[in-house]
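Residues annotated as signal peptide in Swiss-Prot: 1-25. The feature repeat 'PbH1 1' is assigned by Swiss-Prot to 219-246, with sequence analysis given as support. For 281-303, the entry in Swiss-Prot reads repeat 'PbH1 2'. Look at Swiss-Prot and you will find 302 tagged as active site, proton acceptor, backed by similarity to another entry. Residues or ranges marked as repeat 'PbH1 3' in Swiss-Prot: 305-328. According to Swiss-Prot, the feature repeat 'PbH1 4' maps to 330-352. What Swiss-Prot records for 354-376 is repeat 'PbH1 5', and it gives sequence analysis as the kind of evidence. Marked as repeat 'PbH1 6' by Swiss-Prot: 377-399.
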C-alpha cells in the first residue's frame, strides 16, 4: 500500500533490510506500574502555520581549531615543578580525604603518598621530566615518558603535553593520574594508562580496579587536540576516565571557582570507563573526535552542565550502556552531526529533566536498544536525524512533553519508528526528590519518514496531545500494511485520511486529561 507519492528512501530501506537482516527485539520486563490509559480521543485537522519551522540555527564551529588552541597557550612565564605530599591539597581531597581513601596511594607508593605539582606558570612535559627524580618520572625510550606519581596542575599552573612527547604512560601500579586545577593543553600526542607488569596498556579488567584517569576541577580550562587517550578510569567518583567537574558542593562554596570549560578536538578515546564525563560544566566543546570501545558510556555530560556542543563525533562499541547521554538538567546544548552506532543500549539519550536541547543531523544505527531515547525531559527539538536498524525503537519518548520531532527518518528499526509512552517510576529505586517526573507525554511529528519498522511507524500511549503533519510512512513490514499502534490505532482510518489523502495536519487530543484519570 503506497501512502505517499514520493519513495525517496524505500529502495534504501529494502537494501538495508536485505543486507543486515531485520532488527529484532524482545519486550523488556515491566518494572513499574503503567498509568490508566485515556479512553477516548478526538481526531481533528489542525492549523499548519504553527507547525512550520525553519531548520534550526547551528552554532558556528569554525573557531574551534588546533590553531586557536595554540593561541591560548601563555608560555611567557616559566612555571615551577615540585614534589609534595598529597595530603592538605584541595585538589586531591577527593582521593585522600576520609574513608581511608589514602590507603590506595600508600599501598601503591609504599610510603606517604606524594605527587608532582606544576605551579605559577608554563611547564612542558619534557621540562618536567628533567626536574623530577627518575624513579618517579622517566623517559623510557625517545619521546616516551612513564609517570609513577600523580601529576597536579596548580591553580596558576599551565601544563603542556605536545608533539615532542610520543606517549605519556601513566603507571597503574604506581597509582599515577592527572589532575588539572589550572590550564592543561594536550596536543598531537598519546596518553595511556599503563600496566608496567605487561609492558602495555592498563586494559579494563574490573570496575573496582584502579586505572589512571584525568580530572579537571572548577575554574579550569582543558584542551585536548589530535591526541589518543586509552585505558583510563574505573568505578570511583571523579575517576571515570576524562572528567571535567566543578568541585563538590561544600568545597565549591568555599573556593568560589567558576564552572570549568574546554575543548576536545580531533582526538580518540578508547577502553575508558567513561569516554567523557562532566559535572556543572559550561560551554565545553567535543568536536570531530572518536569514542570507541569504551566500557560504560562514550560521552556522558551530567548534572547541570549547559551550553555544550557535541558535534561531528563518531561513537561506537560502548560495552555496557549508551553511546551519547546527557543526564540531569543538562540544558541548552547541541548534539549535532554525530554518528552513534553498535552501542550496547541507545545511540543518544536525553535524560532526567534535560531541556531545551537540539539533537540534529545525527546518524544513529545498529544500537542494541533505541536510536534516540528521551526520558523525563521536555521541550527538546529532534531534527533531521537518521535512525536505522536499531534493535528496538527509532525514537522513544517517555514522560516528556513538548517534544518536537521534525524531518527524522526512522527506518528498519526492530519495533516502532516513533514510540511515546508514560510510566509511573515511583515503584523503582529512583530518588524522586533528586529526579522528579510527570507522567505526561506530548509529541509533534512533522515531516520525515517512518519506514519498514518491525511493529509499525507510530505508537503513542496516553498522550496529552499528538500532532502529525507530512509524515511519510512507507514499506510496511506487516502483511496488513500500515498499522498505527496505541491510541492512534483506534482512529487509524481518520488519521490516515487527514494526514495522507487530504495532506492536512492532524491533532489527536484526549477527551479526558491525565489529571482527571489520576484522580
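Cβ atoms here come from the backbone N, Cα and C positions, even for glycine.
Tallying C-beta pairs under 8 angstroms between the repeat 'PbH1 3' (305-328) and each of 219-246, 354-376, 377-399 places 354-376 first.
When Cβ-Cβ distances below 8 Å are used as the criterion, the repeat 'PbH1 1' (219-246) is approached by residues 66, 69, 72, 94-95, 153, 155, 177, 180-194, 201-204, 206-213, 252, 255, 257-281, 284, 294-296 of the same chain, each at least six residues removed from its ends. Note on the repeat 'PbH1 6' (377-399): mean pLDDT across this stretch is 98.
Taking a C-beta cut-off of under 8 Å and a sequence gap of six or more, residue 302 (active site, proton acceptor) has these contacts in its own chain: 277, 278, 279, 326, 327, 328, 330. Beyond its flanks by at least six residues, the repeat 'PbH1 6' (377-399) meets 16, 20, 23-25, 55-56, 346-347, 350-371, 405-423, 425, 437-441, 443, 448, 450, 453 of its own chain at Cβ-Cβ distances under 8 Å.
Summarised by DSSP class, the composition of the repeat 'PbH1 6' (377-399) is 0 helix, 10 strand, 13 coil.
According to DSSP, the residue listed as 'active site, proton acceptor' sits within a strand segment. Across the repeat 'PbH1 4' (330-352), the DSSP tally of helix, strand and coil residues reads 0 helix, 11 strand, 12 coil.
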